[in-house]
Amino acid sequence: MESYLNENFGGVKAKHSSDEALSRWRSVVGVVKNPTRRFRFTANLDKRSEAAAMKRSNQEKLRVAVLVSKAALQFIHGLPPQGEYKVPSDVAAAGYGVCAEEMSSVVESHDIKRLKTHGGVEGILSKLCTSASDGLPSSPDKLSTREELFGVNRFAEAEQRSFWIFVWEALQDMTLMILAACALVSLLVGVATEGWPHGAHDGLGIVASILLVVFVTATSDYRQSLQFKDLDKEKKKITVQVTRSGFRQKLSIYDLLAGDIVHLSIGDQVPADGLFVSGFSLLINESSLTGESEPVAVNTENPFLLSGTKVQDGSCKMLVTTVGMRTQWGKLMATLSEGGDDETPLQVKLNGVATIIGKIGLIFAVVTFAVLTQSLFWRKLTDGSYFSWTGDDAMALLEFFAIAVTIVVVAVPEGLPLAVTLSLAFAMKKMMNDKALVRHLAACETMGSATSICSDKTGTLTTNHMTVVKACICGKIKDVSSSSPETTAKTLPSELPSSVVAMLLQSIFNNTGGDVVMNQDGKREILGTPTETAILEFGLSLGGDFAAVRKASTLNKVEPFNSAKKRMGVVIQLPGGALRAHCKGASEIILASCTKYMDEHGNVVPLDGATVDHLNATINSFANEALRTLCLAYIDVDEGFSANDQIPMDGYTCIGIVGIKDPVRPGVKESVAICRSAGITVRMVTGDNINTAKAIARECGILTEGGVAIEGPDFREKGLEELHDLIPKIQVMARSSPLDKHTLVKHLRTTFDEVVAVTGDGTNDAPALHEADIGLAMGIAGTEVAKESADVIILDDNFSTIVTVAKWGRSVYINIQKFVQFQLTVNVVALIVNFSSACLIGSAPLTAVQLLWVNMIMDTLGALALATEPPNNELMKRTPVGRKGNFISNIMWRNIMGQAFYQFLVIWHLQAEGKWLFGIEGSNSDLVLNTIIFNCFVFCQVFNEVSSREMERINVFEGILDNNVFAAVLGSTVVFQFIIIQFLGSFANTTPLTFTQWIACIFIGFVGMPIAAAVKMVPVDSL
């Protein structure tokens, strides 16, 4: 079976499946009872191709508009304005000078000429009644008016489907419709021949069973849809930095209004259409809209920013002009959302299993109907009544047909693919509580097969709460931590020349991507990354005044931190007009760019060999103490420097080196140990100094004896043969570039066939996150670009959460295996019992109503019970499945065959010797025996469901009460079975049983448990 599944259903991958592979498995699927339900959680390829065509059309229109506007730029200067714009009366009455439609048209078409007629960006600021420095006023009335006139920043979404739509979809099941037709005929014939109400029992029994199946199925599906809706809301929680009423604050992108001032930096997604107000080196990736891969430089000459595009480099302040469905991105999102997500590999495989069993079931059903019909014809032929047909004969034929159809109902395990979705939905909801947001369904199951995790250091293995604890300034090492008895940051200025302190503060406060602002409570707040915050905090503790230092000079150029260059630089204009460049970054890299340093007297002197050795030794000393090290330096720049020139790369003067402490997160060491016991290799991939990385890796338990720590530049120089020997030993990669991470991941996946999970937070991590089997983006430190490329977002940036994701992934995989094992056992027994009985005895022991009840036990209720089992710690003591593990393993086949053999023997023995065993006599002895067989069969499934909780372990009761769903399903199954037997006999073709008979039925079912335990002791190959 596994080879058939791999051949026909194995082309679908966890990520980036081709449309051809998605189409191929659909064409192989043959027997589908209810296509609407079966394919609900699969990609709608027709809608997707329709959306793609619309996207291409939109891209082409936008691309032409962009190119035309760029070509027109050189001709527009000096041209008179064409046609005067008229402000709509309602907009003018509210005090605004421009309407939403005009703004949408200007920005979307990149019409610089029309923008100039409105007075440029300054004019639009005025017409939108906003301020570049203070943003919108926070008055609720004014915000409400603005919202009415310019709209809200929300996109059109599909309405939540009601419960009754799911009921209607459940009714679309072809076999249930055929059974409903049978019920109607049975009702008419029964009432005509036997009268009301006795003649209606059979028909009404089938109708009641169909309605029960439909409502239970619809309830399960409706609950799933609500869970996905909640998760979808979580995925869309994106915040941006906004200035309102003069205060910087975080705001949801869905609360943005026209006129808001938004602060954008590298990795951010542009949240609405808008205009560039101010900024530096801004490069925008517009490929999501225009299809152009080359980044676009946005500045005062080309100020247009489009919603959905990404900030590739630089930073800026942006004026929001158009929001929501008026933006091109809003229109595009509305069409793209209809395509749906790709189906997961497990869903596809289980569709394959359902197809195989469905075809077998169909053959069995046809043969069963043929055999039963032939036996009726033979009986009539032998007693000479073949020309005389009564209502009873018609009812018998109808019952045979109903049994055949019900065999198809039982045999086609429609619930298999949906059990995956149920389990994934349940796991995703629980993982959300454990601080992991799953963006793609497939990631949940793939994480269970992970064999390697490549983790960042900062913020993932460490707390990301950084403080400067050591500094080397003027060649002297100072401990500036708050716990130091000798020196603190406050006393440090008195020990240094004033010129050095002034230069240090100038470097800290100007060369930063952070900011120091006053919040609404009047308290000082430091904004920026943890590293920037730590350095700014250090500068403030030296007695520096952020605002005063920034006002004393003018920023001329900014080159934001780049993970490839490992540095950040600015050029400032000093009060006298001179230009100075400041840079900071990886200590050894910046120090290599320096030719001078500031000595203890504040003089600038050449760097000699001894001083360089001393500073390098200091860097290594800090790094060995697990401190992040940064070097700060400056250079005076020639007057001819322009903003288009590159900031100098060498000739700098070293100001100092700082050591930043970032403690290891509590619980990381234990989590790494859990991964090792689970067969998952953890590797640290960081941009930090190798000594810092090694110190942290040892503390976390990642770097072990025999493990290799290597730097990115060395890794890049290795040949393929060297990499083949080296990569399995690598435990730490320091000073790595995004390309190094991508190369490592690619080799692990392709050369070594590993299932790789990768963490990332920056824009440059997107290729590695995309390449990995599971991309894990950081929710706190991660950029929107990284999150969009990821499959799972770790909301608390904690490595321990990644281990939790792995545990849930394994739980999903094993829960589905448990359910498949349970369902295949019921399938095999129900098929063989009814088929063999029909062939050998001429009648089927399980009626249509009884089979429908069994189908519900194993399909919807079985999925609820087994697919929602919470994970246990034993899961992380097994080796991972990896890329080539068989889904239906030999262990499962062993358990299925053992249990099926027992149940088949029991039912056959009861059919042959049941009357003698239970002492059944009288006219209704056949009905009593069939009731006992039905009851035994159901209790065999109840106890088999308990046995299926563990596929290898004998103790199946551990933690059984922790799963409320399992206990509820089991309890309700037993209660309802009692009601069916004792009180619904007329509808279900049963008769009340005695206390002794009940005990015997329960005992026969229970015996299946020790037999299941004995079968588990039979050794088989785990594959």
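Every residue, even glycine, has its Cβ placed from backbone N, Cα and C.
Among the features that TrEMBL reports, domain 'Calcium-transporting P-type ATPase N-terminal autoinhibitory' is placed at 5-50. Per-residue pLDDT, averaged along the domain 'Calcium-transporting P-type ATPase N-terminal autoinhibitory' (5-50), amounts to 62 for this model.
Residues or ranges marked as domain 'Cation-transporting P-type ATPase N-terminal' in TrEMBL: 118-186.
Annotation comment: TrEMBL describes 237-335 as domain 'P-type ATPase A'.
Annotation comment: TrEMBL describes 844-1018 as domain 'Cation-transporting P-type ATPase C-terminal'.
Residues or ranges marked as transmembrane segment in TrEMBL: 174-192 (among others).
Sequence-distant neighbours of the transmembrane segment (204-222) (same chain, 6+ residues past either end, Cβ-Cβ under 8 Å): 37, 40, 163, 166-167, 169-171, 176, 179-180, 182-183, 186-187, 402, 418, 422, 848-849, 852-853, 855-856, 859-861, 863-864, 984, 986-989. Annotation source TrEMBL lists transmembrane segment at 204-222 (among others).
Among the features that TrEMBL reports, transmembrane segment is placed at 356-377 (among others).
Annotation comment: TrEMBL describes 397-427 (among others) as transmembrane segment.
Note on the transmembrane segment (824-844): residues 353, 357, 360-361, 364, 367-368, 371-372, 375, 379, 403, 407, 410-411, 413, 851, 854, 857-858, 862, 892, 895-896, 899-900, 903-904, 907-908, 911, 937, 940-941, 944, 948 of its chain, located 6 or more positions outside it, place their CB under 8 angstroms from a CB of the stretch. The transmembrane segment annotation in TrEMBL covers 824-844 (among others).
The transmembrane segment annotation in TrEMBL covers 927-944 (among others).
Sequence-distant neighbours of the transmembrane segment (965-985) (same chain, 6+ residues past either end, Cβ-Cβ under 8 Å): 205, 853, 857, 861-862, 864-866, 868-869, 931, 934-935, 938-939, 942, 945-946, 949, 991-993. Per TrEMBL, transmembrane segment is recorded for 965-985 (among others).
Taken from TrEMBL, the feature transmembrane segment applies to 997-1018 (among others).
Beyond its flanks by at least six residues, the transmembrane segment (927-944) meets 822, 825-826, 829-830, 833, 845-847, 850, 853-854, 857-858, 899, 902-903, 906-907, 910-911, 914-915, 918, 920, 970, 973-974, 977, 981, 985, 989-991, 993, 997-998, 1000-1002, 1004-1006, 1008-1009, 1012 of its own chain at Cβ-Cβ distances under 8 Å.
When DSSP labels each residue, the domain 'Cation-transporting P-type ATPase N-terminal' (118-186) comes out as 40 helix, 1 strand, 28 coil, counted as helix, strand and coil in that order.
According to DSSP, the secondary structure content of the domain 'P-type ATPase A' (237-335) in residues is 18 helix, 47 strand, 34 coil.
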